[in-house]
Amino acid sequence: MRTVVILQQPMSVCVPPNHEVTLRVQAIGTGALKYQWFDKQQTEVAGGTEPELTVSLQRSGKYICRVSDLYCNYQFTEWVKVRILDEPGVSRTWRGEPHIVIHPISQTVKPGETFTLKCTALGKPAPAYQWYRNGRILPKQTTETLRIENANADTVGSYLCAVSNNLEESWSEAAEIEIAPPDQQPTPTLMATDKVALLIGNLNYNHHPGLMAPTMDVHELANLLQQLGFRVVSLLDLTLQEMQAAIDKFLQLLDRGVYAVFYYAGHGYEHSGRNYLVAIDAPRPYRTENCVCVQRVMHSMQERKAQLNVILLDTCRKWYKQKGPFSEIKPLAPLGNTVYGYATIEDAEAFEVQDGGKSTGIFTKYLNKHVLKPERVTRVLEQVSEDLGKDPLVHGRQVVEIRHTLTEPRALTDLVRTSGHTMELRRRDACWKQANVLPGRRSLDFPYCGVKVDLSFSALFSNVLVVFGTVRNTSAKAQDCTLILESEPQMQDIFSGSGRSEEMDSLLVNSGETPDCTLRLCCLQRLQGSLVIKVTLHYTHTQTKERLTESKELDIGRPLIASCKLNQTRPVDRRQESRVHTVDHMSNIRYPHHQNHPRPGLPYTRKAENRLQSSAKSISMSSNEPEENDENDSNEFTM
């Protein structure tokens, strides 16, 4: 029987950007063999018709090769990854031996704490890792990151990581782990009854320039707050109605003794001493009634009598009426429980930057660096301000502003005390779980061909669900199985744009899943009914050689935030509407609805254009106002 046999699989590599890499496959078969390489989108690579494929990438990529003979027999290689790490220090004569770019760092930890050590290396092929403690091998610790829970006397010592491939073996620098003496351990006196956080990132605007960084900013901050014991709801791309509904749900989690964090990344502005957050459906030009007023959010948080209210805004604060009063903190009563952390000062812009293949808001970059520190929340923000002030990308352009009414050294790391608050805690727990419940792992049997498909689910955000499909137990009746996952109704993929898909793929790699097919479902808050996953299996019948198809459907209900029904009609706040200020200054200049992100390493503003597009010259509707968001130096940022 004629067949194609793969003798040597291509090998994954880890290299710097723009480094030339050659992937190789070796196979045997009947007659002359044909080769075709495919990228991670399963698109044919132009010119990739040889056993060797040479690539030079700026971002990580995945490839697979199909080897076929003259009789239509074919085999696919395993997927191979070209991982890109933007780290300096690699010489031009580097042959591919392991080159360690991140060494583990010594730490002093408290008894019972969890600590992590990391070692990362370049290599061709990608290196293998093995951790050691005090010269002894640590079984099963063979990944870049070593995580040790419940630190104690047995975990103290010197840690090393051996990194090797078929060229060489290298050793990391030693990391010394020590246990802090009892007198260095602060005794927590201030505690919370619960800790909750709502994180919103808006990036795909219908009528304003799109942003890149809110995706990673929200994801990373959500993970850090979860490490601090916060119940986190993280949402991307919300309309005004959805933002208001999400805030209402968030307020239901607040009560006496609760620590509350509200974070927003996206377009924003300031008018008459109030800060406004721009929803993705805000028209152009927009009015204040098309946006969320930050001071109203804080007012509602204070009404709930929370112990600590923190609002963090990574957004611009350009004025729309420069004669308006300065922003003020106006609590309901003289309560010492309010903290504002602004990414920038009044009438100034906040910037995001794309560097090393990762987009981030500069304010959030330094916030994530310090947020885990066991210090009062105002001190954490002061450290953020100090670091941002030293950043050459925004020096003289962006300065953090901190306002607070704290009378106690409250910290985000304060512990949660549940005694005496059982009923309230259970109620908040049920409300929080409603927005975070994942479908369980499912198995689907395809009886005609005898194949089983496993479906598993992961939540990257509270409104973004990823479905993983994996073929199991392939029978003798089927070969060359291919999976396709679809949903009914079809859900928008907000990460399909250039650059965004790669960042999302990096999150999927970190999830540890190795599926045959993935399906990304975004904007779950707009789901009106049950979500149905359609699984289509394509395979070749072993005996007849026919290419056949079987399909099955799985109803997973309303997962994650969809169960909260944020899209139900919400009453209009007539109080705000009655004193709304219209921003309708017209201009004869055209601006695109969406801008491309600048070159990597250059800052990009988070202010939204608010001009009415018109091909004819227009007259100002408000003579006492300047041109809103006039980009006098836009050429400096837009490439």
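Glycine is treated like the rest: Cβ placed from N, Cα and C.
Annotated domain 'Ig-like' per TrEMBL: 98-178, in sequence order. Residues or ranges marked as domain 'Caspase family p20' by TrEMBL: 193-317. Feature annotation from TrEMBL assigns region 'Disordered' to 567-639. The compositional bias 'Basic and acidic residues' feature in TrEMBL is assigned to 571-584. The compositional bias 'Acidic residues' annotation in TrEMBL covers 625-639.
With DSSP classes pooled into helix, strand and coil, the tally for the domain 'Ig-like' (98-178) is 3 helix, 42 strand, 36 coil. Secondary structure of the domain 'Caspase family p20' (193-317) per DSSP, as helix, strand and coil residue counts: 39 helix, 42 strand, 44 coil. Confidence for the domain 'Caspase family p20' (193-317), expressed as mean pLDDT, is 92.
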